[in-house]
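This report concerns only the one structure given below.
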Amino acid sequence: MGNKFSYFKNQGIIFSLIFSVSLLLVLPQILNHSLVLGSDSLFHFNRVYDTYMQFKTGNFSYFQTNYGFQQGGRIVNALYGPGFAYLLGGLLLIVHSWIKFQIISNFLIFFISGYLMYILSREMASTKRISLLTATFFMTSLWITRWSTEQNFMAWGIALMPLVVVMALKMIKNNAEDLRIIPLALVVSLMIQVHLLSALMSIGVLIVFFIVGFIQTNKKRQLVLKCIWASLLSLVLTFNVWGAMLDVMTKNQLYPPYDNPDMAESTMNLSTGDPTLTQIGLVMSIIFVLQILWVFMKRDQLPLTNKVVTILGLLFLILASNIMPWTELAAAVPELQRFLQFPRRFEGFASVLLLAGFGATLSTLPFKDSRKYCEFLLLAGSLSIGVQAYSEINKSNQIWNNQQPLASAENVNVVSGRSNKQITDAFASSKLGAGLDLVTKATPDYLPNNRVTSIDPYVDYKRDMIINKSKVNKTVDKHGDLTIRWNAIKKGESISLPVVIYNGSTLKLNGKKINPKKIRLSTMGSPTIQSTNVDTNVLTVGYKSTMVTKLRLLIVVLTWVVSSLWAVGRMIVRCKNKLD
(Lines of atoms letter the chains of each structure in order from A and count residues from 1; the text may use other names and numbers.)
(Lines give C-alpha, C1' and ligand atoms only; values in the text may rest on other atoms or scores of the structure.)
Protein backbone atom coordinates (compact mmCIF):
# COMPACT_ATOMS: atom_id res chain seq x y z
CA MET A 1 0.00 0.00 0.00
CA GLY A 2 2.88 2.32 0.88
CA ASN A 3 4.54 1.66 -2.47
CA LYS A 4 1.34 2.50 -4.33
CA PHE A 5 0.90 5.74 -2.39
CA SER A 6 4.52 6.73 -3.01
CA TYR A 7 4.22 5.92 -6.73
CA PHE A 8 1.05 7.94 -7.26
CA LYS A 9 2.43 10.78 -5.15
CA ASN A 10 5.58 10.99 -7.31
CA GLN A 11 3.58 10.76 -10.53
CA GLY A 12 1.21 13.43 -9.23
CA ILE A 13 4.09 15.80 -8.51
CA ILE A 14 5.58 15.27 -11.98
CA PHE A 15 2.17 15.69 -13.62
CA SER A 16 1.45 18.85 -11.62
CA LEU A 17 4.79 20.49 -12.44
CA ILE A 18 4.52 19.86 -16.18
CA PHE A 19 0.85 20.89 -16.06
CA SER A 20 1.79 24.15 -14.29
CA VAL A 21 4.50 25.07 -16.81
CA SER A 22 2.07 24.33 -19.67
CA LEU A 23 -0.59 26.50 -18.06
CA LEU A 24 1.92 29.32 -17.55
CA LEU A 25 2.82 29.25 -21.24
CA VAL A 26 -0.81 29.67 -22.34
CA LEU A 27 -1.49 32.34 -19.70
CA PRO A 28 -0.79 35.28 -22.08
CA GLN A 29 -3.52 34.05 -24.41
CA ILE A 30 -5.97 33.50 -21.56
CA LEU A 31 -5.32 36.98 -20.13
CA ASN A 32 -5.46 38.72 -23.52
CA HIS A 33 -8.41 36.59 -24.70
CA SER A 34 -6.64 36.65 -28.04
CA LEU A 35 -6.19 34.61 -31.17
CA VAL A 36 -2.81 34.32 -32.87
CA LEU A 37 -3.08 34.47 -36.65
CA GLY A 38 0.47 33.45 -37.52
CA SER A 39 2.05 32.56 -40.84
CA ASP A 40 0.47 29.07 -41.00
CA SER A 41 -2.74 29.75 -39.05
CA LEU A 42 -5.13 30.31 -41.95
CA PHE A 43 -3.94 27.18 -43.77
CA HIS A 44 -4.41 24.90 -40.77
CA PHE A 45 -7.58 26.64 -39.55
CA ASN A 46 -9.16 25.83 -42.92
CA ARG A 47 -8.07 22.20 -42.60
CA VAL A 48 -9.52 21.93 -39.09
CA TYR A 49 -12.69 23.83 -39.98
CA ASP A 50 -13.39 21.37 -42.79
CA THR A 51 -13.22 18.31 -40.53
CA TYR A 52 -15.22 20.18 -37.87
CA MET A 53 -18.01 20.82 -40.39
CA GLN A 54 -17.94 17.19 -41.52
CA PHE A 55 -18.56 16.12 -37.92
CA LYS A 56 -21.21 18.81 -37.43
CA THR A 57 -23.21 18.11 -40.61
CA GLY A 58 -22.52 14.42 -41.07
CA ASN A 59 -21.60 15.11 -44.71
CA PHE A 60 -18.25 13.32 -44.83
CA SER A 61 -15.80 13.54 -47.70
CA TYR A 62 -12.38 12.04 -47.07
CA PHE A 63 -10.81 13.60 -50.16
CA GLN A 64 -12.59 16.86 -50.99
CA THR A 65 -12.36 19.96 -48.79
CA ASN A 66 -15.98 21.05 -49.09
CA TYR A 67 -16.10 23.56 -46.24
CA GLY A 68 -12.61 25.02 -45.84
CA PHE A 69 -10.48 26.79 -48.45
CA GLN A 70 -13.36 28.76 -50.04
CA GLN A 71 -15.41 25.56 -50.38
CA GLY A 72 -13.32 24.77 -53.44
CA GLY A 73 -13.34 20.98 -53.21
CA ARG A 74 -9.55 20.83 -53.26
CA ILE A 75 -7.69 17.87 -51.74
CA VAL A 76 -5.61 18.78 -48.69
CA ASN A 77 -6.27 16.74 -45.55
CA ALA A 78 -6.14 13.39 -47.35
CA LEU A 79 -2.51 14.19 -48.23
CA TYR A 80 -1.48 16.05 -45.06
CA GLY A 81 -1.89 14.51 -41.60
CA PRO A 82 -5.46 13.25 -42.11
CA GLY A 83 -5.89 11.43 -38.81
CA PHE A 84 -4.72 14.37 -36.74
CA ALA A 85 -6.83 16.81 -38.79
CA TYR A 86 -9.94 14.87 -37.74
CA LEU A 87 -8.81 14.84 -34.09
CA LEU A 88 -8.37 18.62 -34.17
CA GLY A 89 -11.73 18.98 -35.91
CA GLY A 90 -13.26 16.96 -33.08
CA LEU A 91 -11.66 19.29 -30.54
CA LEU A 92 -13.10 22.33 -32.36
CA LEU A 93 -16.52 20.63 -32.37
CA ILE A 94 -16.35 20.28 -28.57
CA VAL A 95 -15.21 23.84 -27.74
CA HIS A 96 -16.90 25.64 -30.68
CA SER A 97 -14.53 28.63 -30.48
CA TRP A 98 -11.29 29.44 -32.29
CA ILE A 99 -9.83 31.11 -29.20
CA LYS A 100 -10.65 28.16 -26.93
CA PHE A 101 -9.42 25.74 -29.59
CA GLN A 102 -6.09 27.54 -29.81
CA ILE A 103 -5.66 27.78 -26.03
CA ILE A 104 -6.39 24.08 -25.51
CA SER A 105 -4.27 22.89 -28.46
CA ASN A 106 -1.40 25.10 -27.26
CA PHE A 107 -1.70 23.67 -23.76
CA LEU A 108 -1.78 20.13 -25.14
CA ILE A 109 1.38 20.51 -27.22
CA PHE A 110 3.26 21.97 -24.25
CA PHE A 111 2.05 19.27 -21.87
CA ILE A 112 2.50 16.35 -24.29
CA SER A 113 6.00 17.45 -25.34
CA GLY A 114 7.06 17.96 -21.73
CA TYR A 115 5.66 14.69 -20.45
CA LEU A 116 7.06 12.65 -23.34
CA MET A 117 10.48 14.25 -22.85
CA TYR A 118 10.30 13.31 -19.17
CA ILE A 119 9.51 9.69 -20.13
CA LEU A 120 12.41 9.65 -22.60
CA SER A 121 14.83 11.06 -20.02
CA ARG A 122 13.79 8.42 -17.50
CA GLU A 123 14.27 5.75 -20.19
CA MET A 124 17.80 7.13 -20.55
CA ALA A 125 18.28 6.59 -16.77
CA SER A 126 18.25 10.30 -15.88
CA THR A 127 17.24 11.24 -12.34
CA LYS A 128 13.71 12.52 -11.78
CA ARG A 129 14.87 16.08 -11.14
CA ILE A 130 17.07 16.21 -14.21
CA SER A 131 14.31 14.57 -16.28
CA LEU A 132 11.92 17.34 -15.23
CA LEU A 133 14.48 19.99 -16.16
CA THR A 134 15.12 18.52 -19.62
CA ALA A 135 11.35 18.27 -20.07
CA THR A 136 11.00 21.98 -19.26
CA PHE A 137 13.82 22.81 -21.67
CA PHE A 138 12.10 20.91 -24.43
CA MET A 139 8.56 22.22 -23.95
CA THR A 140 9.81 25.85 -23.97
CA SER A 141 12.14 25.35 -26.95
CA LEU A 142 11.66 27.32 -30.16
CA TRP A 143 10.19 24.48 -32.19
CA ILE A 144 7.48 23.61 -29.67
CA THR A 145 6.46 27.23 -29.08
CA ARG A 146 6.13 27.78 -32.84
CA TRP A 147 2.75 26.05 -32.74
CA SER A 148 1.62 28.71 -30.27
CA THR A 149 3.10 31.66 -32.18
CA GLU A 150 2.80 30.54 -35.83
CA GLN A 151 0.66 27.35 -35.94
CA ASN A 152 3.67 25.64 -37.48
CA PHE A 153 2.67 21.99 -37.83
CA MET A 154 6.23 20.67 -37.60
CA ALA A 155 5.95 21.45 -33.88
CA TRP A 156 3.61 18.49 -33.39
CA GLY A 157 6.00 16.10 -35.11
CA ILE A 158 8.87 17.26 -32.91
CA ALA A 159 6.66 17.14 -29.79
CA LEU A 160 5.98 13.44 -30.43
CA MET A 161 9.59 12.63 -31.30
CA PRO A 162 10.58 11.57 -27.72
CA LEU A 163 8.10 8.71 -28.03
CA VAL A 164 9.89 7.53 -31.17
CA VAL A 165 13.26 7.61 -29.39
CA VAL A 166 11.80 5.60 -26.48
CA MET A 167 10.83 2.89 -28.98
CA ALA A 168 14.24 3.16 -30.63
CA LEU A 169 16.06 2.70 -27.31
CA LYS A 170 14.21 -0.56 -26.72
CA MET A 171 15.91 -1.92 -29.86
CA ILE A 172 19.37 -1.63 -28.31
CA LYS A 173 18.58 -2.39 -24.66
CA ASN A 174 18.17 -5.80 -23.07
CA ASN A 175 18.42 -7.67 -26.38
CA ALA A 176 15.23 -5.89 -27.53
CA GLU A 177 13.23 -7.99 -25.06
CA ASP A 178 11.14 -4.93 -24.08
CA LEU A 179 10.37 -3.97 -27.69
CA ARG A 180 6.69 -4.61 -28.40
CA ILE A 181 5.17 -4.91 -31.87
CA ILE A 182 1.91 -3.01 -31.32
CA PRO A 183 3.36 0.01 -29.43
CA LEU A 184 6.10 0.39 -32.07
CA ALA A 185 3.53 0.25 -34.88
CA LEU A 186 1.25 2.72 -33.08
CA VAL A 187 4.04 5.26 -32.53
CA VAL A 188 5.24 5.19 -36.15
CA SER A 189 1.65 5.30 -37.44
CA LEU A 190 0.81 8.22 -35.16
CA MET A 191 3.71 10.21 -36.60
CA ILE A 192 2.52 9.45 -40.15
CA GLN A 193 -1.04 10.52 -39.31
CA VAL A 194 0.28 13.80 -37.84
CA HIS A 195 3.15 15.01 -40.05
CA LEU A 196 4.73 13.03 -42.88
CA LEU A 197 8.14 14.74 -42.93
CA SER A 198 8.51 14.23 -39.17
CA ALA A 199 7.52 10.60 -39.69
CA LEU A 200 10.21 10.07 -42.33
CA MET A 201 12.85 11.58 -40.05
CA SER A 202 11.57 9.37 -37.21
CA ILE A 203 11.83 6.28 -39.40
CA GLY A 204 15.42 7.31 -40.18
CA VAL A 205 16.14 7.41 -36.43
CA LEU A 206 14.55 3.98 -35.94
CA ILE A 207 16.61 2.51 -38.80
CA VAL A 208 19.86 3.70 -37.17
CA PHE A 209 18.87 2.18 -33.82
CA PHE A 210 17.76 -1.02 -35.56
CA ILE A 211 21.17 -1.38 -37.23
CA VAL A 212 22.96 -0.83 -33.90
CA GLY A 213 20.61 -3.24 -32.15
CA PHE A 214 21.00 -5.86 -34.86
CA ILE A 215 24.81 -5.70 -34.63
CA GLN A 216 25.00 -6.03 -30.85
CA THR A 217 22.11 -8.40 -30.06
CA ASN A 218 22.36 -12.17 -29.99
CA LYS A 219 18.64 -12.42 -30.81
CA LYS A 220 18.77 -11.03 -34.32
CA ARG A 221 15.88 -13.08 -35.68
CA GLN A 222 13.59 -11.93 -32.88
CA LEU A 223 14.43 -8.25 -33.49
CA VAL A 224 13.91 -8.55 -37.25
CA LEU A 225 10.57 -10.35 -36.87
CA LYS A 226 9.29 -7.77 -34.39
CA CYS A 227 10.14 -4.93 -36.76
CA ILE A 228 8.60 -6.72 -39.76
CA TRP A 229 5.32 -7.37 -37.92
CA ALA A 230 5.27 -3.79 -36.62
CA SER A 231 5.83 -2.51 -40.17
CA LEU A 232 2.97 -4.61 -41.54
CA LEU A 233 0.62 -3.41 -38.81
CA SER A 234 1.69 0.17 -39.46
CA LEU A 235 0.85 -0.25 -43.15
CA VAL A 236 -2.72 -1.10 -42.14
CA LEU A 237 -2.90 1.74 -39.59
CA THR A 238 -1.73 4.28 -42.18
CA PHE A 239 -3.46 2.91 -45.28
CA ASN A 240 -5.60 6.05 -45.47
CA VAL A 241 -2.42 8.14 -45.85
CA TRP A 242 -0.32 6.18 -48.35
CA GLY A 243 -3.38 4.86 -50.17
CA ALA A 244 -4.67 8.40 -50.76
CA MET A 245 -1.23 9.58 -51.87
CA LEU A 246 -0.94 6.74 -54.38
CA ASP A 247 -4.45 7.36 -55.66
CA VAL A 248 -4.18 11.14 -56.12
CA MET A 249 -0.52 11.52 -57.05
CA THR A 250 -0.45 8.81 -59.70
CA LYS A 251 -3.39 10.46 -61.49
CA ASN A 252 -2.40 14.10 -61.08
CA GLN A 253 0.60 16.37 -61.18
CA LEU A 254 0.21 18.56 -58.09
CA TYR A 255 1.66 21.84 -56.94
CA PRO A 256 4.02 21.03 -54.05
CA PRO A 257 4.15 23.01 -50.81
CA TYR A 258 6.33 26.12 -50.81
CA ASP A 259 9.40 25.70 -53.03
CA ASN A 260 12.30 27.18 -51.05
CA PRO A 261 14.66 28.89 -53.53
CA ASP A 262 17.53 29.34 -51.04
CA MET A 263 17.97 26.43 -48.65
CA ALA A 264 21.35 27.75 -47.47
CA GLU A 265 19.55 30.72 -45.91
CA SER A 266 17.22 28.39 -44.01
CA THR A 267 19.81 26.71 -41.81
CA MET A 268 20.16 26.87 -38.02
CA ASN A 269 23.53 27.21 -36.34
CA LEU A 270 25.16 27.37 -32.92
CA SER A 271 25.08 30.92 -31.58
CA THR A 272 25.58 33.15 -28.54
CA GLY A 273 22.36 35.16 -28.80
CA ASP A 274 18.68 34.43 -28.32
CA PRO A 275 17.12 31.48 -30.16
CA THR A 276 15.72 32.37 -33.60
CA LEU A 277 14.91 30.49 -36.79
CA THR A 278 18.57 30.78 -37.82
CA GLN A 279 20.26 30.62 -34.40
CA ILE A 280 20.06 27.86 -31.80
CA GLY A 281 20.71 30.31 -28.96
CA LEU A 282 23.34 30.50 -26.22
CA VAL A 283 21.87 28.10 -23.65
CA MET A 284 21.03 25.28 -26.07
CA SER A 285 24.33 25.76 -27.91
CA ILE A 286 26.27 25.30 -24.64
CA ILE A 287 24.28 22.16 -23.79
CA PHE A 288 24.79 20.64 -27.24
CA VAL A 289 28.54 21.37 -27.32
CA LEU A 290 29.12 20.08 -23.77
CA GLN A 291 27.21 16.86 -24.46
CA ILE A 292 29.01 16.16 -27.74
CA LEU A 293 32.46 16.88 -26.25
CA TRP A 294 31.75 14.78 -23.14
CA VAL A 295 30.64 11.76 -25.18
CA PHE A 296 33.72 11.87 -27.39
CA MET A 297 36.07 12.31 -24.41
CA LYS A 298 34.41 9.66 -22.22
CA ARG A 299 33.14 7.33 -24.92
CA ASP A 300 34.64 4.23 -23.28
CA GLN A 301 32.86 4.95 -19.98
CA LEU A 302 29.38 5.80 -21.27
CA PRO A 303 26.51 3.41 -22.03
CA LEU A 304 25.64 2.58 -25.62
CA THR A 305 22.32 4.44 -25.40
CA ASN A 306 23.99 7.77 -24.61
CA LYS A 307 26.56 7.36 -27.37
CA VAL A 308 23.98 6.52 -30.03
CA VAL A 309 21.57 9.38 -29.20
CA THR A 310 24.45 11.86 -29.07
CA ILE A 311 26.07 10.82 -32.35
CA LEU A 312 22.69 10.80 -34.07
CA GLY A 313 21.88 14.19 -32.52
CA LEU A 314 25.20 15.54 -33.83
CA LEU A 315 24.33 14.25 -37.30
CA PHE A 316 20.97 16.07 -37.23
CA LEU A 317 22.74 19.20 -35.95
CA ILE A 318 25.15 19.12 -38.89
CA LEU A 319 22.28 18.57 -41.34
CA ALA A 320 20.50 21.62 -39.90
CA SER A 321 23.56 23.87 -40.23
CA ASN A 322 25.38 25.72 -43.00
CA ILE A 323 28.19 23.16 -42.75
CA MET A 324 26.19 21.24 -45.33
CA PRO A 325 26.48 22.57 -48.92
CA TRP A 326 22.74 23.06 -49.24
CA THR A 327 22.94 25.25 -52.35
CA GLU A 328 24.81 22.53 -54.24
CA LEU A 329 22.59 19.77 -52.86
CA ALA A 330 19.43 21.64 -53.90
CA ALA A 331 20.84 22.11 -57.40
CA ALA A 332 21.62 18.39 -57.64
CA VAL A 333 18.33 17.24 -56.04
CA PRO A 334 15.65 19.94 -56.63
CA GLU A 335 13.04 17.84 -54.79
CA LEU A 336 14.75 18.85 -51.53
CA GLN A 337 13.52 22.42 -52.05
CA ARG A 338 9.93 21.19 -52.19
CA PHE A 339 9.88 18.39 -49.64
CA LEU A 340 12.46 19.26 -46.97
CA GLN A 341 12.27 23.01 -47.73
CA PHE A 342 14.08 24.21 -44.59
CA PRO A 343 17.21 22.38 -43.34
CA ARG A 344 16.71 23.97 -39.90
CA ARG A 345 13.92 21.44 -39.35
CA PHE A 346 16.59 18.86 -38.47
CA GLU A 347 17.51 20.93 -35.39
CA GLY A 348 14.23 20.08 -33.65
CA PHE A 349 15.10 16.38 -33.77
CA ALA A 350 18.68 17.12 -32.72
CA SER A 351 17.37 18.89 -29.62
CA VAL A 352 15.34 15.83 -28.57
CA LEU A 353 18.34 13.51 -28.84
CA LEU A 354 20.97 15.82 -27.35
CA LEU A 355 18.78 16.96 -24.44
CA ALA A 356 18.04 13.32 -23.59
CA GLY A 357 21.74 12.51 -23.76
CA PHE A 358 22.72 15.55 -21.70
CA GLY A 359 20.28 14.61 -18.94
CA ALA A 360 21.70 11.08 -18.85
CA THR A 361 25.25 12.44 -18.72
CA LEU A 362 24.51 14.73 -15.76
CA SER A 363 22.78 11.89 -13.95
CA THR A 364 25.95 9.76 -14.10
CA LEU A 365 28.34 12.37 -12.71
CA PRO A 366 30.35 10.63 -9.98
CA PHE A 367 30.17 13.33 -7.29
CA LYS A 368 26.87 14.31 -5.69
CA ASP A 369 27.96 17.92 -5.12
CA SER A 370 28.97 18.39 -8.76
CA ARG A 371 25.64 16.93 -9.85
CA LYS A 372 23.74 19.38 -7.65
CA TYR A 373 25.76 22.27 -9.06
CA CYS A 374 24.95 21.12 -12.60
CA GLU A 375 21.28 20.78 -11.68
CA PHE A 376 21.32 24.39 -10.47
CA LEU A 377 22.91 25.57 -13.73
CA LEU A 378 20.40 23.51 -15.71
CA LEU A 379 17.57 25.13 -13.74
CA ALA A 380 19.00 28.59 -14.47
CA GLY A 381 19.24 27.75 -18.18
CA SER A 382 15.71 26.37 -18.17
CA LEU A 383 14.39 29.56 -16.56
CA SER A 384 16.26 31.66 -19.13
CA ILE A 385 14.74 29.80 -22.09
CA GLY A 386 11.35 29.75 -20.37
CA VAL A 387 11.36 33.53 -19.92
CA GLN A 388 12.30 34.00 -23.59
CA ALA A 389 9.53 31.63 -24.67
CA TYR A 390 6.95 33.37 -22.48
CA SER A 391 8.03 36.75 -23.85
CA GLU A 392 7.64 35.61 -27.49
CA ILE A 393 4.25 34.03 -26.79
CA ASN A 394 3.07 37.17 -24.99
CA LYS A 395 4.27 39.35 -27.88
CA SER A 396 2.36 37.20 -30.40
CA ASN A 397 -0.84 37.44 -28.35
CA GLN A 398 -0.66 41.20 -27.98
CA ILE A 399 -0.89 41.61 -31.77
CA TRP A 400 -4.56 40.59 -31.64
CA ASN A 401 -5.51 43.77 -29.78
CA ASN A 402 -3.32 46.05 -31.89
CA GLN A 403 -4.21 47.87 -35.08
CA GLN A 404 -3.38 44.83 -37.24
CA PRO A 405 -4.67 41.48 -35.84
CA LEU A 406 -2.80 39.45 -38.47
CA ALA A 407 0.64 38.42 -37.21
CA SER A 408 1.58 37.54 -40.79
CA ALA A 409 -0.01 39.15 -43.87
CA GLU A 410 2.04 37.40 -46.58
CA ASN A 411 -0.21 36.23 -49.47
CA VAL A 412 -3.24 37.17 -47.33
CA ASN A 413 -6.35 38.71 -48.89
CA VAL A 414 -8.88 40.61 -46.76
CA VAL A 415 -12.37 41.29 -48.09
CA SER A 416 -12.44 44.91 -49.28
CA GLY A 417 -13.69 47.49 -46.82
CA ARG A 418 -13.52 45.24 -43.74
CA SER A 419 -11.91 46.79 -40.67
CA ASN A 420 -9.59 45.10 -38.19
CA LYS A 421 -12.42 45.22 -35.64
CA GLN A 422 -14.65 43.29 -38.03
CA ILE A 423 -11.89 40.71 -38.51
CA THR A 424 -11.41 40.14 -34.77
CA ASP A 425 -15.19 40.02 -34.21
CA ALA A 426 -15.57 37.45 -37.00
CA PHE A 427 -12.92 35.11 -35.61
CA ALA A 428 -14.27 35.53 -32.06
CA SER A 429 -17.87 34.81 -33.09
CA SER A 430 -19.66 31.48 -32.74
CA LYS A 431 -19.94 31.31 -36.54
CA LEU A 432 -16.56 29.67 -37.05
CA GLY A 433 -16.46 30.13 -40.81
CA ALA A 434 -16.98 33.90 -40.63
CA GLY A 435 -13.34 34.81 -40.07
CA LEU A 436 -12.16 32.41 -42.77
CA ASP A 437 -14.56 34.09 -45.22
CA LEU A 438 -13.15 37.55 -44.43
CA VAL A 439 -9.47 36.64 -44.41
CA THR A 440 -8.14 34.24 -47.03
CA LYS A 441 -4.66 33.11 -47.95
CA ALA A 442 -3.46 32.00 -51.37
CA THR A 443 -1.90 28.59 -50.76
CA PRO A 444 -1.67 26.40 -53.89
CA ASP A 445 -0.41 23.29 -52.03
CA TYR A 446 -1.71 20.04 -53.57
CA LEU A 447 -3.72 21.77 -56.30
CA PRO A 448 -3.53 20.18 -59.78
CA ASN A 449 -0.82 21.61 -61.99
CA ASN A 450 -2.12 21.31 -65.54
CA ARG A 451 1.23 22.23 -67.10
CA VAL A 452 -0.09 25.44 -68.60
CA THR A 453 2.31 28.38 -68.46
CA SER A 454 1.89 29.97 -65.04
CA ILE A 455 3.63 33.11 -63.86
CA ASP A 456 2.84 32.61 -60.19
CA PRO A 457 0.66 29.86 -58.65
CA TYR A 458 -0.26 32.17 -55.75
CA VAL A 459 -1.61 34.74 -58.21
CA ASP A 460 -3.48 32.03 -60.13
CA TYR A 461 -5.10 30.70 -56.96
CA LYS A 462 -6.19 34.17 -55.93
CA ARG A 463 -7.69 34.73 -59.40
CA ASP A 464 -9.51 31.39 -59.64
CA MET A 465 -10.69 30.87 -56.07
CA ILE A 466 -10.53 34.04 -53.97
CA ILE A 467 -11.56 36.96 -56.19
CA ASN A 468 -13.57 34.98 -58.74
CA LYS A 469 -16.52 37.22 -59.69
CA SER A 470 -18.90 34.41 -60.66
CA LYS A 471 -22.07 34.48 -58.56
CA VAL A 472 -22.58 30.94 -57.31
CA ASN A 473 -24.13 29.13 -54.36
CA LYS A 474 -22.34 26.14 -52.84
CA THR A 475 -23.80 23.36 -50.70
CA VAL A 476 -22.70 19.87 -49.66
CA ASP A 477 -25.01 16.88 -50.10
CA LYS A 478 -25.34 13.81 -47.87
CA HIS A 479 -22.88 11.88 -50.07
CA GLY A 480 -20.15 14.45 -49.41
CA ASP A 481 -20.31 15.87 -52.93
CA LEU A 482 -20.05 19.61 -53.57
CA THR A 483 -22.99 21.22 -55.38
CA ILE A 484 -22.56 24.56 -57.19
CA ARG A 485 -25.59 26.50 -58.44
CA TRP A 486 -25.68 29.53 -60.71
CA ASN A 487 -28.06 31.33 -63.02
CA ALA A 488 -27.55 31.70 -66.77
CA ILE A 489 -29.32 34.14 -69.07
CA LYS A 490 -29.08 31.77 -72.05
CA LYS A 491 -27.95 28.26 -72.99
CA GLY A 492 -24.28 27.88 -73.86
CA GLU A 493 -23.28 30.76 -71.58
CA SER A 494 -19.77 30.13 -70.20
CA ILE A 495 -18.85 30.59 -66.56
CA SER A 496 -15.60 30.08 -64.64
CA LEU A 497 -16.47 28.26 -61.42
CA PRO A 498 -14.46 28.59 -58.18
CA VAL A 499 -14.01 24.86 -57.69
CA VAL A 500 -11.11 22.46 -58.27
CA ILE A 501 -11.27 19.47 -60.62
CA TYR A 502 -8.75 16.59 -60.40
CA ASN A 503 -8.21 13.51 -62.50
CA GLY A 504 -10.46 11.28 -60.45
CA SER A 505 -13.17 13.89 -59.90
CA THR A 506 -16.76 12.99 -60.83
CA LEU A 507 -18.97 15.63 -62.44
CA LYS A 508 -22.69 15.96 -63.07
CA LEU A 509 -24.09 18.97 -64.90
CA ASN A 510 -27.84 19.34 -64.37
CA GLY A 511 -28.08 15.66 -63.50
CA LYS A 512 -26.04 14.35 -66.45
CA LYS A 513 -22.55 12.89 -66.08
CA ILE A 514 -19.83 14.75 -67.94
CA ASN A 515 -16.24 13.78 -68.66
CA PRO A 516 -13.79 16.04 -66.74
CA LYS A 517 -11.25 15.61 -69.55
CA LYS A 518 -13.58 17.37 -71.98
CA ILE A 519 -13.81 20.52 -69.86
CA ARG A 520 -11.49 23.50 -70.20
CA LEU A 521 -9.51 23.82 -66.97
CA SER A 522 -7.32 26.61 -65.67
CA THR A 523 -3.74 26.09 -64.52
CA MET A 524 -5.12 24.95 -61.16
CA GLY A 525 -8.06 22.87 -62.28
CA SER A 526 -10.77 25.54 -62.12
CA PRO A 527 -13.35 24.64 -64.82
CA THR A 528 -15.07 26.82 -67.38
CA ILE A 529 -18.54 25.34 -67.87
CA GLN A 530 -21.11 25.96 -70.60
CA SER A 531 -24.57 26.31 -69.06
CA THR A 532 -27.11 23.85 -70.49
CA ASN A 533 -30.14 25.45 -68.85
CA VAL A 534 -31.66 28.89 -68.92
CA ASP A 535 -31.86 30.21 -65.35
CA THR A 536 -30.67 27.63 -62.75
CA ASN A 537 -27.73 25.32 -63.49
CA VAL A 538 -26.29 22.77 -61.08
CA LEU A 539 -22.82 21.19 -61.11
CA THR A 540 -22.12 18.36 -58.66
CA VAL A 541 -18.46 17.59 -57.95
CA GLY A 542 -17.21 14.51 -56.11
CA TYR A 543 -14.03 12.44 -55.97
CA LYS A 544 -14.05 8.72 -56.71
CA SER A 545 -11.23 6.53 -55.40
CA THR A 546 -11.07 2.85 -56.23
CA MET A 547 -8.30 2.39 -53.67
CA VAL A 548 -9.46 4.28 -50.56
CA THR A 549 -13.03 3.14 -50.03
CA LYS A 550 -15.35 3.64 -47.04
CA LEU A 551 -14.97 -0.02 -46.06
CA ARG A 552 -11.18 0.21 -46.05
CA LEU A 553 -11.28 3.45 -44.05
CA LEU A 554 -13.52 1.69 -41.53
CA ILE A 555 -10.97 -1.15 -41.25
CA VAL A 556 -8.24 1.44 -40.54
CA VAL A 557 -10.35 3.03 -37.77
CA LEU A 558 -11.20 -0.34 -36.19
CA THR A 559 -7.54 -1.40 -36.29
CA TRP A 560 -6.62 1.81 -34.46
CA VAL A 561 -9.28 1.19 -31.81
CA VAL A 562 -8.31 -2.44 -31.18
CA SER A 563 -4.54 -1.74 -31.19
CA SER A 564 -4.89 1.27 -28.88
CA LEU A 565 -7.09 -0.64 -26.42
CA TRP A 566 -4.55 -3.49 -26.38
CA ALA A 567 -1.67 -1.07 -25.73
CA VAL A 568 -3.53 0.78 -22.96
CA GLY A 569 -4.61 -2.50 -21.35
CA ARG A 570 -1.05 -3.83 -21.38
CA MET A 571 0.23 -0.57 -19.89
CA ILE A 572 -2.30 -0.81 -17.03
CA VAL A 573 -1.30 -4.42 -16.33
CA ARG A 574 2.40 -3.48 -16.36
CA CYS A 575 1.83 -0.61 -13.91
CA LYS A 576 -0.20 -2.88 -11.64
CA ASN A 577 2.53 -5.54 -11.65
CA LYS A 578 5.14 -2.91 -10.86
CA LEU A 579 3.14 -1.67 -7.86
CA ASP A 580 2.50 -5.23 -6.61
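Cβ atoms are placed via backbone N, Cα and C, with glycine included.
As the structure is a computational prediction, the values presented were derived from the model and not from experiment.
Here TrEMBL flags 12-31 (among others) as transmembrane segment.
Here TrEMBL flags 75-96 (among others) as transmembrane segment.
What TrEMBL lists as transmembrane segment is 103-120 (among others). Beyond the transmembrane segment (103-120), the same-chain residues lying 6 or more positions past its ends with a Cβ under 8 Å from any Cβ of the stretch are 14-15, 18-19, 21-23, 25-26, 29-30, 88, 91, 95, 131-132, 134-139, 144, 147-148, 155-156, 158-160, 162-163, 165-166, 352, 355-356.
As annotated by TrEMBL, transmembrane segment applies to 126-144 (among others).
Residues or ranges marked as transmembrane segment in TrEMBL: 153-172 (among others).
The annotation transmembrane segment is assigned in TrEMBL to 192-215 (among others).
Residues or ranges marked as transmembrane segment by TrEMBL: 227-245 (among others).
The transmembrane segment annotation in TrEMBL covers 276-296 (among others).
Residues annotated as transmembrane segment in TrEMBL: 308-326 (among others).
The transmembrane segment annotation in TrEMBL covers 346-367 (among others).
Positions annotated as transmembrane segment by TrEMBL: 553-573 (among others).
When Cβ distances are compared across the two stretches, the transmembrane segment (192-215) makes no contact with the transmembrane segment (126-144), since fewer than 3 pairs at least 6 residues apart fall below 8 angstroms.
Sequence-remote contacts of a segment are chain residues at least 6 beyond its ends whose Cβ falls under 8 Å from one of its Cβ atoms, and for the transmembrane segment (227-245) they are 62-63, 78-79, 82-83, 181-182, 184-186, 188-189, 192-193, 196, 210, 545, 547-548, 552-553, 555-556, 559-560, 563. Across the candidate stretches 12-31, 153-172, 308-326, 346-367, 553-573, the maximum count of CB pairs under 8 A to the transmembrane segment (276-296) is reached by 346-367. Same-chain residues lying 6 or more positions outside the transmembrane segment (553-573) and placing a CB less than 8 Å from one of its CB atoms are 62, 180, 182-183, 185-186, 189, 233, 236-240.
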